[in-house]
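Feature annotations, reproduced from Swiss-Prot:
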BINDING   63, 92  heme b binding site
DOMAIN    2-146  domain 'Globin'
MOD_RES   1  N-acetylvaline
MOD_RES   12  phosphothreonine
MOD_RES   59  N6-acetyllysine
MOD_RES   82  N6-acetyllysine
MOD_RES   93  S-nitrosocysteine
MOD_RES   144  N6-acetyllysine
């Protein structure tokens, strides 16, 4: 990801305030509610039949935390996202057969969740930096597909 020093600082400063458990669960839940076709990758998580079921599904919330924990790890390696996410890219491509477009969708949802939680602190400049990061992470996760 091609970020300026100021953008890297904005991203890492905001990320230091993120409650990974709360926002991870919210981001993955929103993905599954807004884009219901993504639920097919999580059928083994139990009842995902309604928005309420998704929003209160313990496995969805736990996996959302896991996803954002990995995302946070990627923020420590912004200059090597492909290397950082190589194993996850392989897993999602070869074993789980996840449509790589879903990575982009989840990134978009994450930006919305961050904006909702941080309000005025999530300035247009911070949003622009996060848009670059989520695009870079989505690209890194889709790398094995190419």
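The backbone N, Cα and C atoms fix where each Cβ goes, glycine too.
Rounded to a whole value, the Cα-Cα separation of the residue listed as 'phosphothreonine' and residue 93 (S-nitrosocysteine) is 29 Å. Counting other Cβ atoms within 10 Å of each Cβ, the modified residues 1, 93 show the lowest value at 93.
Classification of residue 1 (N-acetylvaline) by DSSP places it in coil, neither helical nor stranded. Under 8 Å, Cβ to Cβ, and six or more positions away along its own chain, residue 63 (heme b binding site) finds 28, 42, 45. Residue 82 (N6-acetyllysine) has a Cβ environment of 16 other Cβ atoms inside 10 Å. For residue 59 (N6-acetyllysine), the count of additional Cβ atoms within 10 Å of its Cβ stands at 14 [all protein chains shown]. DSSP assigns residue 63 (heme b binding site) to a helical segment in the three-state reduction. Cα to Cα, the residue listed as 'S-nitrosocysteine' and residue 59 (N6-acetyllysine) are separated by 22 Å.
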